[in-house]
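A quick write-up on the structure given underneath.
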Amino acid sequence: MVGPSPAGTVPSHAQSSLPSLPAHLQSDTHLTAHLASRFHVGLPTARLSSQALISLNTYTSSSKGPDGGKEGSAMGEAEDLARRAFTRLGARGENQAIVFLGESGAGKTTLRAHVLSSFLSFSSTPLSSKLSYASFIFDTLTTTKSLTTLTASKAGLFLELQYDGSSSVNPTLIGGKIIDHRLERSRIASVPTGERSFHVLYYLLAGTSAAEKSHLGFDNSIHVSTNAGKLSSASIGHKRWRYLGHPTQLKVGINDAEGFQHFKTALRKLEFPRSEIAEICQILAVILHIGQLDFASGQATLTSAEESGGYSHEGGETVTVVKNKDVLSSVAAFLGLGVDELENSFSYRTKTIHRERVTVMLDPKGARQNADELARTIYSLLVAYILENVNQRICAAEDSVANTVSIVDFPGFSQACSTGSTLDQLLSNAATESLYNFCLQSFFDRKADMLEREEVVVPATSYFDNTDAVRGLLKHGNGLLSILDDQTRRGRTEAQFAESLKKRFENKNPAIVVGSSGSTHGTGYVSQQARSAFTVKHFAGEVDYSISGLLEENGEVISGDLMNLMKSTRSDFVRELFGQEALQTVTHPKEKTAIMQAQVSSKPLRMPSMARRKASPASRLTFDAPTAEEPEDNESYGGSTAKSSGRRKSAMSMTGMQGAAGQFLSSLEIVNKCLSSPSLNPYFIFCLKPNDRRIANQFDSKCVRAQVQTFGIAEISQRLRNADFSVFLPFEEFLGLAEVGNVVVGSDKEKSEVVLDEKRWPGNEARVGSTGVFLSERCWADLAKVGERVVPVYHADGSDEGGDGLLHPRTAGYGDSKVRLLNPADQSLGNFIYGDESKQGYFGSRDIDGRSDTGGSGLNSGDMFHNLETREQMLEKGNEKKMEEVDEVPVSGSRKRWMAIVWLLTFYIPDFAIRLFGRMKRKDVRTAWREKFAINLIIWFSCAVAIFFIVAFPGLVCPTQHVYSAAELESHNGKNGHDSYIAIRGVVFDLDKFMPRHYPDIVPQSSLKKYAGMDATGLFPVQVSALCQGKDGSIDPTVLLDYTPTNISGSATTISTGDLNAKYHDFRYYTNDSRPDWFAEQMKELRATYLKGYIGYTPQYISTLAKKSQNIGSIDGKVYDLTTYISGGRRVAAPTGKEVPANVDREFMDPLVVSLFQDLPGQDLSKHWEQLQIDAGMRDRMQMCLDNLFFVGKVDTRNSAQCQFARYFILAISILICAVVIFKFAAALQFGKKNVPENLDKFIICQVPAYTEDEESLRRAMDSMARMQYDDKRKLLVVICDGMIIGQGNDRPTPRIVLDILGVPESVDPEPLSFESLGEGMKQHNMGKIYSGLYEVQGHIVPFLVVVKVGKPSEVSRPGNRGKRDSQMVLMRFLNRVHYNLPMSPMELEMYHQIRNIIGVNPTFYEFILQVDADTVVAPDSGTRFVASCLADTRIIGICGETGLTNAKHSAVTMIQVYEYFISHNLIKAFESLFGSVTCLPGCFTMYRIRSAETAKPLFVSKEVVEAYSEIRVDTLHMKNLLHLGEDRYLTTLLLKHHPSFKTKFLFAAKAWTIAPESFSVFLSQRRRWINSTVHNLIELIPLQQLCGFCCFSMRFIVFVDLLSTCIQPVSLAYIIYLIVWLARDSSTIPWTSFVLIAAIYGLQALIFIFRRKWEMIGWMIVYLLAMPIFSVALPFYSFWHMDDFSWGNTRVITGEKGRKVVISDEGKFDPASIPKKRWEEYQAELWEAQTSRDDRSEVSGFSYGTKSYHPAQSEYGFPGARPMSQFDLPRYGSRMSLAPSEMMSRHMDMEMEDLSHLPSDDAILAEIREILRTADLMTVTKKSIKQELERRFGVNLDAKRPYINSATEAVLSGAL
C-alpha cells in the first residue's frame, strides 16, 4: 500500500489512504491539496490506514457519495469503520474505542451518530432502540446551536456499548452506558450572541400545547415583548426570554416543536412515567421563568423580629425584591416552595469565610447572579437525574460485560470563552489536549516501546509532542488543575494562586506561562490584567486564561441557603432532584444535619466498565501501554458506591470539598486509563471544517491546512508509512491463523518469516519480532479471513436493505443528520435539531407508533399536566408549613373583651371574603386584619366625632341665621369696601348685584347707590286686595294701607314714602296705571335672585318697641308690626272719575288677630296664635295677610344661651389645647448655663448594636463613644453584632468590620458558646463569640467587649441574627443574672470572665448603661451630662438627650424631618419631662440606670422588666406593634409600669446626631412604625394608676390627649383647610379665635428656636409647614391602615382540642435544658479545681465554657488590642492582674500539656505533613517551617505536638511512613 498507484490507471483523488501517497506528497500543503481534490469530486473523506478516518464537513448531506449512494460519503466510511471495529471486537475480544477529534462545527456529533447507528444495527436486541433514544436524550440536553454549527456538543461524552463474550464472532449487545463529562453549565444563564442555549429549552417552548403553555405560565404577558401586540402562542418567538438569547434564535431552521414530541417519546420509550415527564417539563419551565425574574432594590417595610440597627434601619433595611411576582409564584409553585421564602432566598447568600458562615445581603445584580446559580444548579441536577435514570434502564450488570465499545466525543477546542466562564473553557480544552495526547501516544510512543522490546527497528518520525501541556495541565498533584483545586480548597486569594502558578511553572514548563509577557503598556510594566492571567500553549494554539474569578468558579459552591430552602420543598420530584448523588453536600462537623454548602459533581456518576475491572485477560493483549497511575479515589468515582462516597466525604472533612477542576481531572484520568488500557484498540476520526463560514461545498485551503497542521496529520501519515502496526500476534497464534502446520520446518520465527514472504505484505504493515508478528489491521484481516465472516445488519421493521432501518442513516445531512423519529412519509422530519432534509437517524420508522403509549394522547397532543395539580394548588401547597404543637397559652380576660368588640365591629365581613380577597390563608393573620379594621373604624369614628364637633355641632346647637340688625344693615352701605344691601318689608337684598340689572337703565347707578344700607319699604306701595284676602276671601280694591316708618333708636334708616322715586313703583288701584300683582311678582323675583337674609329683631328689642307703643310681636320666629293698622292707617281711594263704593269694609283683619297684637305686644305670640278660635280657612287667610302686609323681619337668636354655649364650648377646647401648647413651650424654655459636670467615678456601659451598617457609620459611632469626656477606665464599650451578615455595599461581615476597627486580628477565633435568644422554636438557642481588649483612639484607651451572635451550626441563612431587641436582651439578661446571682449560660459566663478577669471590673460595679445606635454619633460631653443628672436626681431611671440629623440636606425627605425632630424633642419630650414621664426614650440615644444607687436594687434589669421585654410569643396585632415596631417605646412603657416611683427625663444639653431616612418609602415605613407603636404603647399606659399629677394636670390626662391627638391628626389639617375655605367664601365673618390659636401654636414654636438662636429653623419650619399634608394626613392614614403589615413568622396560636389555645411552629420545640447553666461561683470553683488556681488569681481561667481548652490569645497580656497591652497601665484599673509574665507562660504551658482535646489527631497531622512535603522544595524545607505551616492550617498552637511532628516528618522523608 506504500507505493504509488500506477500512473494513468486511476485519478489521484481516488487514493483514499493518505500514507499510500508518494513521499513527496506527505507535507501539510500536499495532503491538503489531496483532500481538496477528493472534496471537489464529492469524496469528503480520507483514511490514515485502518486506524483513523479524516472527514470534511460538507455542510450538506453526510450520507450521499459522488454517485448519490452512500459509497464514498462520510456515513459510508463511518459504517465501514464501525464494521471493522465490530469484527475486531468479535474476532479478537478486544475492547474498541472510537475517539472523535475536531473543532466545533466540524461534524463530530453527526459522525458520532452514524457510528453509533452502525454499531446498533449489528444487534437485533430491543436494547438497540433504547440506546438510540438514550443518545438522543443526551444530545437534546447537552447540545446547542453555536456560531459554527447547529449541533454543538457542550458536554464530554463517553458512550459505552456493552457486549457479552458468549459468541466469539458476533458479540451480543447487552447494555450501554452514557457517561457525561462536565456540562457547560455557564451557558444556561449566559447565552453568547448569535448562539442558543440547550435545545431542550427551545423544544419545550415551541412544542407545548396551549393548555400546557397555560399550565407552565408561558402564556402570561410577563415577558418583555418586542412587538406591541398581545402575545399569543403564535408569537411565542417574539418574547424576550433572558435564558434563550436573542428572539431570533427561536427560529434558526430547527424544528423545535417536533423535537419536543420526540423528546417526550424518547423518555416514554425509556420507561419514564408520564407524571415524571410532566415534572421534568415543569422543572425546565422553572429554569426559563427564573431567567425572567426582575430584581429591584426596595425596603423591607414588612417588619420582622430579626430587624436590627438604628434609626436609618427603622423604616426597613434596603433589600432586593422581585418585581414580577407572577413569575416568582410560577417558580415557587413548580419548586413546591413558599413565594416569600423563595423571594427572600434570592436577596442573600451565605458563604463560609475563614471558617465562619456569613450571610451576604445582595443587591439586584447579586440577586440576579444568585438566581442564575439556582437555574444552573437545577439544570445540572435535572440532566444528571435524567441521564442516571436512563443509565439504570440501559446498563447491564458490570460482571456480565465482557467487552465494550467506547465512543468518545468531547467538545472541540475553544479559542475564546463565549459564555464568560474561564473554567468551562479551561476544562474543555484540557480534555481536548488529553485526548489529542492519547492520539499521539497511540500512533507514536505506545508502538515504539513495544517495537523496541521486540527488537524491530523502524525509522523514527518527528512530531509535535504536547506532553508538556498535558503534564502541566493534568499532572496529579502539581499540574495546573490540581493546583487550582488545592488553592480553592484552601481558600486562597487570586494573587496567591497566581504566585503558586508562577513558582510551579516559571522556567519549568514551556507550555504554561504565568502573567503573559505580551501585555505591556509601552512603559515596560506588566498590566494588572496581564499579571492575573496565564497562557497555555495548547496543541491548537495559545490561549490566555484570566485568573479573575477562577477560584470561586472552581469551587462551584451551592450555598447552604439553597439546600436548606430545598429541604422545605413540597414537591417530591424536586426533593428527589436535590437528593441524588450528583449533589455532594458538606455538613457541619458538629451538627451533621446542618448542610453548610453543596456542589453539583463535575464527575460523572458512573465509571466505564473497564475502569472498574481490576485486571484484564492477559491473552488478549494488543500493545502494552504504560499503566496509568490509579487515582486515589478511583473507586469513589462520583460517589458510585455508598461505601466509597462515605470515605471520600470523611477525607474531605479536613481539606474541604474537591473543586470542579479536581473532579474533572480525576474523571479525565479514568478516561485516559481506560483508553490506554492494553486490551483496548482505538480508532480516531478527525473531523475537519472545509471553511470557517459554514458555506456548503466550499474548500478553503488555508483553513483546512491549519487543521491538518494542528492535528499533525502529515506526521501521523509519515509514521504509518514507516510502521503501520495495529495487531501483535504471538508466533503460535499467528501460525495458527496462517494454518501453516508442519509443512515448513524450522523455528516459529522462521516459519512466520516464510508466511510473510509468501503474503508479500509491505514492510511497514508486517514485521516479525522476537516473540511474535506485528501486523496492520488490513494484513490481520487478510490472514484471519475476516472478509469471509458476515456481520449481520438488522432493521427495525425487518424490511430489506432498501427500507429505512433502525439507526441506519442513509440520507442524513451534516449537522442535521441522525434524526428522524416518525415514519418516512413526512419529508421535513428530523429538522428539529439538525435542520436540512434528513430522514433517518436515532429512531426507526416503526418505533414511534403508539403501541406502548396507550392513552398517550395526554402526553403527545393534549395536556400532559391534566392529571397533575394545578399551579395554584402547587403554590398553596408550597406555602404551607409543617407545624408541631410547642406550647399551650391562656387567653386573658382583656383579650376576650377586646375580641368581642372586634367581632361586633366587623361581624358583617365574612371570613371567606378576607381569605379570598385579602389572600390571607392563616387564621391569625385574618384575625389581625379584623383587629386592624376595628381599630381603623374606631379612629375614623374619632375623626368623624372631632369633625362633627368642629363643624356640625355648633350648627346643630345654634343653627346659622341669615339676619341683619339695623346697625349691620346700615354698615352695608357700599362705602369703605363694604357691600351694598337694601331692605324691603323686612327682607334684605344684595343691591350690588341688582343695580346692573335695574330697569329702566336710564337711572344712574349712583342714584341707586344712595339707598344702600337703608330700609326701602316706603318706595314700594302695595295693593292690599292683591296681597290679602281679608276676613271673607276678598277686599275692595279701593282699600289702602298706609306705611309709616318706625324712626326709633335702633331701627333701620328708612326712606320716606314721599321719595321722588316712589311714584315709579306705585301701581295701586286708584292710580291710572293699575297693576295689582306687580309688587308680588317683583318680590318673588328679588327673593329668588338677590336675597341675603332678613332684618333681625332680638327678643329684647321687640320688647323695647312694645314699650314704645308699637303693636309688634313674633309668631314662629317671624316678626309682625300691626301698629299702623291698629292706629287707623287704613283708607280708601278710587281712580280718577270713579266713586268709592259705599260701605267699604276697611277692617280686613280678623279682630281676634288684631287683639293678639293689641293685648300682648312685644311677646312671642306663637302659642296664642295656635290657640286662636278661628277656622282653618280664616287662619290661612290671616297668615297670608300677616306675611305680605305686616312682616318686618325675623327674631334674632344669635345671642341666645344655646348659641353662646356652642361658641364657648369649642373655644374652651381650643383654649385647653392652647394651654397644653403653652405648657410645652414653658417646659422647653429651660434656660440656664450648660454647666460642665465634674469628673465622675460611676462605671458605665456604652452599648452599640451592629447589624449591616457600613464601616464609616460603625467607626463614627464607636469613636464618638470612646472619645466621650468620661474616665476611660470607668466606661466599657460593648458592641453586639447581630448575626454574621455582609450588608449591601460591604466587603466583610459586620462583626469583622467591628473587630477590624477595634484592632482584633483574624487569628483570634474564640469558641462559639450557647445562650438564649428571642426567636421562634429552636431559634431560641443561639451561639455567640466573645472578644475583649483595649481600643485606642485619639489618646483614649477604652476597654471593649464584643459579642458576635454566630448562630448554631444548623443555621445557614442569616446565622445568629435575631433582631435589635435580642441584642439589647443579651446585655439585659446578663446583668439581670449578675445582680440576682442566677445561673448563667456558657456565653454569659464567658462575658463575666472577660469583664471581671480580662478587663478587671466586677460586672456588678456598672451602674449605668448608655444605649446608642450604630448610626448615631454622640457629643463628647453627653455621657457626663447624663451621669451628672442621674446623680443629682437618684429617682431618674432613664434619660434621653436631643437627637439631631447628620443628613439634613440629603434629600427632600430628610428636609421635612429637620424641624419635626427639633420640635418633637424640644416641645414634646421636654414637656413630658416636667412630669418625669417621658413616654418614649429613643433607643438611639438613652442612658438607663442599671441599679439603684442606695440599695443596689436592679432597676433597668429587674426581673419584671426583663421578663416582659423578653416576650417570645408575639402573635397578636397589639404585641407585634409593641415589640416589633416600637421596642424602644415599649421598654420605656415597661419602666414606667414596673417602676412608677422613678422618672424618665429629657436633657436638652446632651446631644447626639443620627441619620434620618432619605427615601420616601423608608420614611413612610419608619413613621408607620412610630405612629402605630405610639398608639399601642399609649393604650398600655392609660390604665396605669401611678402616673403622676392630679386631674387634668396628671400625666395620664396628657397621655390620653396625646393618644387622641395621634388618632385625630388628620382632622387638624382638615380644620385648617375648612377655615381657609370659609375665609375664601365669606370674609365677612372671620373666626378670629381659631387663627389666634394656630398663630399661638406656631408662634410659640418659633419663639423656642429664636430663644435658642436656631435661626436656620425658620427655613426648616416653612419646609415643615409645606409638608403638613404628609405629616397630618398621609402618614396617619397610611399607618393606621397598614397596622398589620408584618412578616408573621411561622409560629401561631390555634384552637386545639377542647377549645385550648395552643402555639404551633415549624421551628421545632425549644428545650431550655439544651443550654447548660451555672452560677458564677460554681463555674469559678470548677476552674479553680481544674487549675488549682487561687480565687484571687482567677485571671488564669482562660478556659472557654464549651471546651475547657485554653485560648492563649485571650490572656490579659496576650490579647491583641488596638495597641500593645504592655503599654497599658494596669494598676489604675484597680484590678488584681499582677501575674508575672514568666509565671504566666509556664502556667500556660502546663495547661496545654494537661488538656490536648482541642488539638488535631496524629492521623490528621500526618496527612497534612504528607501534603506539605509533596509540594515543598526539599532543599529548603525544615521541621520548623513544617510545624509553622501546620499551625497555620489547623489554626492552633502545636507546641505540644512538636516531638510527633519532628518524628513523623523524618519518617515520611525516609520512606518509613
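We number each residue from 1, going along the chain as drawn.
Even glycines carry a Cβ here, placed using N, Cα and C.
The feature domain 'Myosin motor' is assigned by Swiss-Prot to 1-788. Summarising the annotation, Swiss-Prot assigns domain 'Cytochrome b5 heme-binding' to 961-1020. According to Swiss-Prot, the feature domain 'DEK-C' maps to 1799-1854, an assignment based on sequence analysis. Residues annotated as N-linked glycosylation site in Swiss-Prot, with sequence analysis given as evidence: N634, N1047, N1072, N1572. Annotated region 'Disordered' per Swiss-Prot: 1-22, 601-653, in sequence order. Swiss-Prot lists 668-692 with the feature region 'Actin-binding'.
Taking H, G and I as helix, E and B as strand and the rest as coil, DSSP gives the domain 'Cytochrome b5 heme-binding' (961-1020) the counts 21 helix, 13 strand, 26 coil. Most Cβ neighbours within 10 Å among the glycosylation sites N1072, N1572: this distinction goes to N1572.
Between N1072 (N-linked glycosylation site) and N1572 (N-linked glycosylation site), the C-alpha separation comes to 82 Å.
The DSSP breakdown of the region 'Actin-binding' (668-692) into helical (H, G, I), extended (E, B) and coil residues amounts to 8 helix, 9 strand, 8 coil. Taking DSSP states H, G and I as helix and E and B as strand, the domain 'DEK-C' (1799-1854) has 42 helix, 0 strand, 14 coil.
When secondary structure is read from DSSP and collapsed to three states, N1072 (N-linked glycosylation site) falls in the coil class.
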